[in-house]
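Novice: What Swiss-Prot records for ASP171, ASP173, ASP225, ASP270 is Mg(2+) 2 binding site. As annotated by Swiss-Prot, phosphoserine applies to SER376, SER454, SER598, SER610, SER623, SER639, SER660, SER674, SER714, SER746 (among others). The annotation N6-acetyllysine is assigned in Swiss-Prot to LYS482. Taken from Swiss-Prot, the feature phosphothreonine applies to THR581 (among others). Residues annotated as region 'Disordered' in Swiss-Prot: 372-396, 618-781. Taken from Swiss-Prot, the feature region 'Interaction with MLH1' applies to 388-490, 787-846. According to Swiss-Prot, the region 'Interaction with MSH2' annotation covers 600-846. The annotation motif 'Nuclear localization signal' is assigned in Swiss-Prot to 418-421.
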Amino acid sequence: MGIQGLLQFIKEASEPIHVRKYKGQVVAVDTYCWLHKGAIACAEKLAKGEPTDRYVGFCMKFVNMLLSHGIKPILVFDGCTLPSKKEVERSRRERRQANLLKGKQLLREGKVSEARECFTRSINITHAMAHKVIKAARSQGVDCLVAPYEADAQLAYLNKAGIVQAIITEDSDLLAFGCKKVILKMDQFGNGLEIDQARLGMCRQLGDVFTEEKFRYMCILSGCDYLSSLRGIGLAKACKVLRLANNPDIVKVIKKIGHYLKMNITVPEDYINGFIRANNTFLYQLVFDPIKRKLIPLNAYEDDVDPETLSYAGQYVDDSIALQIALGNKDINTFEQIDDYNPDTAMPAHSRSHSWDDKTCQKSANVSSIWHRNYSPRPESGTVSDAPQLKENPSTVGVERVISTKGLNLPRKSSIVKRPRSAELSEDDLLSQYSLSFTKKTKKNSSEGNKSLSFSEVFVPDLVNGPTNKKSVSTPPRTRNKFATFLQRKNEESGAVVVPGTRSRFFCSSDSTDCVSNKVSIQPLDETAVTDKENNLHESEYGDQEGKRLVDTDVARNSSDDIPNNHIPGDHIPDKATVFTDEESYSFESSKFTRTISPPTLGTLRSCFSWSGGLGDFSRTPSPSPSTALQQFRRKSDSPTSLPENNMSDVSQLKSEESSDDESHPLREEACSSQSQESGEFSLQSSNASKLSQCSSKDSDSEESDCNIKLLDSQSDQTSKLRLSHFSKKDTPLRNKVPGLYKSSSADSLSTTKIKPLGPARASGLSKKPASIQKRKHHNAENKPGLQIKLNELWKNFGFKKDSEKLPPCKKPLSPVRDNIQLTPEAEEDIFNKPECGRVQRAIFQ
């Protein structure tokens with residue numbers, strides 16, 4: 001029966017485990033628990049008296065499972081009825097008999113399911129059934145032991161003596177006997193619930209004041225097989241009494257149990273005597289020692305205990321009879337000889353193998369039996385490993401040694417072999433990696449049969465000495481868009497004029513403006529290299545920490561298919577068009593950039609680090625950037641000086657410095673003079689093409705203003721003036737603003753977006769972009785009060801008029817028809833006075 005609710009009460013001390021945890025160890029099994037489970041499957045046959053051995057197969061299935069995990073099981077069976085438990089056994093026997101009679105009656109009535117339930121409750125495990133399991137287990141070399149009385153006390157003794165390391169059972173009484181480790185509710189796969197005595201302190205209900213003795217007292221007070229509990233006393237109240245009581249005399253505590261619980265409980269004298277008997281039964285119940293082969297009490301008797309008075313805990317018999325009972329040779333009820341098994345003369349049984357190395361273990365199977373003369377209990381795993389370690393590993397506190405690993409071949413990870421470098425990069429090669437790279441696709445010349453090599457000549461400034469170094473960087477050709485090339489050639493042959501403004505920017509390739517550039521710039525050029533003027537600025541060209549970088553780039557674009565390799569800048573090349581792109585550069589000292597570049601398309605121009613929306617001047621996509629696309633409509637002037645756009649950039653920079661620094665007058669004067677000189681030399685066609693030049697906004701962290709460049713007012717203006725409005729720096733990254741295309745800038749400004757109406761279209765198809773277009777800085781800017789439309793403004797526009805229109809007073813009496821006609825807004829007030837409406841009036845007033 002066990003102790004009601006004990007497992008739930010101490011669930012904190014339980015732990016789910018698998019039985020393989022005890023591999024190589026010995027466990028004891030309460031076999032009657034397996035017998036009861038196995039008998040349920042054949043309860044109907046057992047009730048009818050029909051022969052069956054299904055319960056034997058059920059038990060052996062668990063035995064084989066333990067053997068397969070390398071665990072040695074010892075099957076323990078119940079023996080004679082304990083005198084202190086005769087009343088309990090008699091009541092159980094009467095209950096089983098009543099269920100058996102009821103089941104037979106229900107079976108006669110045809111109620112099979114209800115009869116089967118009654119047969120299940122009437123199962124009685126006899127010694128004959130246990131003997132069948134003993135024979136089946138011995139055939140496989142499994143030790144079996146029949147307890148002189150109860151199997152619980154015998155199992156507890158085996159665990160305390162160290163013969164077994166754990167106990168497999170379904171009865172919670174084992175904890176009251178003082179077992180150290182108990183495995184409960186184990187299934188056929190080996191999963192179970194382990195309760196360790198050392199973990200009982202983890203139970204919050206028990207606390208840290210509980211001992212093994214108090215735990216046993218609690219189990220007895222809550223009700224056990226040897227004594228029923230008082231009315232209204234369970235585990236919780238029994239635990240509360242023992243936690244509050246400090247008196248070591250348990251008899252006095254029981255007499256004052258009503259005082260501790262504040263209950264009106266009268267404790268009879270018979271209950272106190274029954275408590276003492278139950279406690280002595282848990283302590284001194286007789287068990288069989290398989291090593292000494294005699295009956296002994298579970299615990300040694302104390303000095304004040306008389307063994308003669310403990311007859312209720314078991315009566316002594318002769319040791320030879322006790323041995324025969326333990327071996328299963330005698331019936332526990334009649335003491336008749338039913339078997340002649342002798343462990344000393346019996347041949348070792350050969351159990352079936354469970355793994356490939358089981359043969360080595362079968363040789364010592366007889367020696368490992370508990371019935372062998374030389375058998376000694378296996379010490380616990382903790383004591384085996386601790387004792388030698390203390391001797392072999394002395395303390396190393398305060399000991400210092402110098403350890404050398406020179407002679408040791410330590411395992412290490414294989415080192416990753418780096419790729420050997422043929423030669424280190426020079427400073428010029430390193431600088432060329434950070435410069436703008438351009439490519440030119442090689443094309444086949446049908447007339448000459450030779451190929452022109454793609455090259456890019458880059459003049460890199462020397463930051464130390466000052467003179468420029470010329471480098472030729474060869475890059476692999478880039479694959480062009482075949483479909484775009486085909487459409488371009490088709491448009492050129494048909495003579496169609498393609499306006500870039502009417503094309504979709506999503507499907508426009510990098511070379512889609514070649515035909516336009518060929519028609520615009522048709523004059524030969526005398527020079528293909530442009531030298532920029534020196535800039536006396538105090539910012540670094542490479543890697544300023546504030547993120548400011550302005551690069552001056554002059555791109556010479558040749559739209560022809562072939563350019564000879566021996567071309568000299570001074571030669572005259574007919575039918576060629578060259579497009580230049582300007583950039584500004586800052587350096588620590590004065591520097592010059594001279595580039596002679598012949599890329600196939602403008603789409604291949606991109607910087608080394610092209611950040612999206614950042615400092616890069618070229619797009620990541622093959623489509624041309626806005627500034628590059630518009631530069632193809634400009635033509636180079638004959639003067640060897642820089643282009644006007646470069647001057648525009650210089651002037652803008654000088655004007656931005658003019659507001660903050662008053663000491664830069666020489667620079668401004670020099671820039672303005674150069675601007676006026678070069679503007680005068682600008683030709684008519686050059687001025688027409690420069691109408692579409694672009695204004696690039698420069699960045700800074702200190703100033704904020706708008707950038708607005710008004711180039712020309714109308715197409716008919718043939719002068720080459722460049723009207724420059726205020727130039728300043730924004731707190732946003734550098735962007736290329738394209739006239740006619742409104743690009744979304746970064747959300748760094750808190751001002752609202754103001755869109756001006758578009759003006760008249762230009763000849764190129766692109767409209768001029770409004771001067772000041774600002775975006776909201778944050779995505780949450782629409783929640784600001786200044787940017788929201790209030791309800792009052794909406795009601796002003798859509799509200800109803802309060803004052804209704806009143807008809808002017810008249811001297812004539814009102815007419816119910818004439819004066820109730822509401823005039824429409826289109827009708828005139830004197831509609832009735834017109835002669836052409838007289839017929840209508842007569843029809844109305846008649």
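All residue numbers here begin at 1 and follow the chain in the order shown.
Keep in mind that glycine also has a Cβ here, set from the backbone N, Cα and C atoms.
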Novice: What's the CA to CA span in angstrom from ASP171 (Mg(2+) 2 binding site) over to SER376 (phosphoserine)?
Specialist: 28
Novice: What's the most sparsely packed of the binding-site residues ASP173, ASP225, counting other C-beta atoms within 10 A?
Specialist: ASP225
Novice: Pick out which of the binding-site residues ASP171, ASP270 has the most other Cβ atoms within 10 Å of its own Cβ.
Specialist: ASP171
Novice: Counting only residues 6+ apart in the same chain, whose Cβ is under 8 Å from the Cβ of SER376 (phosphoserine)?
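Specialist: Spatial neighbours, sequence-distant, of SER376 (phosphoserine): ILE291.
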Novice: Could you pull the average pLDDT for the region 'Interaction with MLH1' (388-490)?
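Specialist: Looking only at the region 'Interaction with MLH1' (388-490), pLDDT averages out to 56.
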